[in-house]
Amino acid sequence: MKLRDLIGNDAAIEPAVAALEVTGVALDSRVVRPGDLFFALAGSKTDGARFIDAAVAAGAVAIVGDHAPDGCKVPFIAVANPRRALALAAARFFPAQPATIAAVTGTSGKTSVAAFTRQIWERLGHASASIGTIGLVSPKRTVYGSLTTPDPIALHRQMDEIAREGVTHLAFEASSHGLDQYRLDGVRVSAGGFTNLSRDHMDYHPTVAHYLAAKLRLFRELVPPGGAAVISADHDCSAEAIDAAKARGLRVMAVGRNGDGAGEGIRLTEVGVDGFSQKLTVEHRGKRYVVLLPLAGEFQVENALVSAGLAIGTGSDAANVFASLEHLEGAKGRLERVGERNGAPIFVDYAHKPDALAKALQALRPYAKRRLVVVFGAGGDRDAGKRPIMGEIAAENADGVIITDDNPRSEQPEAIRAAILATAKGAREIGDRAAAIRAAIEELEQGDALLIAGKGHETGQIVGSEVLPFSDHEAVAAALASRVA
């Protein structure tokens, strides 16, 4: 592929340079191959310009960045926004994409919405996939990942591969980092979804306003005019999200208790608990639908309605979509029931931020006739301000609290636990996560419910720079097995 075809009109390039043959794109000098175009991106910890010599030594034919270094031995293309240039180049190098693409953003619920939207489409007969925190799920493969939104090269490579495999519908998570860093530019988004906004990533975003602005890039810049914007209407930031979508000329579909049931949106008029399911009554275009949603927690109602809106907004029949909701399966590690002891259910959930922890505990309160117990911690090298908030939430919403470790990274685990314990009055401290889970399970009695929060689907515990094998699911299974033995 000619270099001019990858860069497009993003920069003025000399004819001889524009005619260079490029055989790949890279942003990591360690994976550069002969013929690659290397993008030198400035990051929060290091500057890609430091690795230009290594990229050239590995065979890079040209470099793209925002400033040319002294003595560069290959052509350097200066662009105003190297991150966006990378995303667009990746889209041109890997051109195939599913015909229908829905992207969802928000603090919580992205993984579930992407999974639910994929499941709805599958049930309606479409070859569907989802990409996000738990990786890539498609008809032909499941590839586990760790980033909510992959880097542009990985994202466009995956889309190109699944499109060539016959996938026509894709739902993916659009994180604030991914949106702010232009990783999603070049994706032909058909519809965008917005779930909610609460405190998260304050180690990255300087203010909540900056955080929201990053989220709203989905509507302001990526979904094309005329595309659908499915927005949960029950939050303080909903009006701003709706205004952003309207200003772009999008078809706004407001969903939830304050949704537009008479028009294109979905209005939730009634919800009731039915065992571990919920009976919903909703309105869409003035018509009433009753749905038995096989998921616990009202936050899952919000996720299901955003998913339904994305499916309807991309052309699926409303009646068939609402019927499909009755067959949804929760995403791995999202308020997932993983066992029981003495009749007390045990749940694993990814909740690792204040609002998500509160919602998970509130969702499980109806199932705890006696005691609701929670085991959780907080990640190291991340927003430290949320730790006392989460401690207070746990103390207010649970009857028993055990504070443990959750990816301490380079921080001292004891210090992280202490920050949570400062506000979690009456909580116990068991640093070893497996031991904490085992202790909580051993004490369960009839009428209790246990929430193990923070890791969800994860299969590792990050200590220092090492990722040690660890799974909440496996820890629960081991604890239950030890009681049987």
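A Cβ is built for glycine as well, from the same backbone N, Cα and C atoms used for every other residue.
Cross-referencing Arg382, Arg428, Arg483 with the meso-2,6-diaminopimelate binding residues that Swiss-Prot gives (Asp406, Asn407, Pro408, Arg409, Gly454, Glu458) picks out Arg382. Gly106 (ATP binding site) counts 28 other C-beta atoms within 10 Å of its own C-beta, drawing on all protein chains shown. Every protein chain considered, the tally of other Cβ atoms within 10 Å of the Cβ of Arg409 (meso-2,6-diaminopimelate binding site) stands at 16. Glu458 (meso-2,6-diaminopimelate binding site) is 18 Å away from Thr107 (ATP binding site) when you measure Cα to Cα. Looking at Ser112 (ATP binding site) and Pro408 (meso-2,6-diaminopimelate binding site), their Cα atoms lie 26 Å from each other. The shortest Cα-Cα distance from Pro408 (meso-2,6-diaminopimelate binding site) to any of the recorded positions (Ser108, Gly109, Lys215) is found for Ser108.
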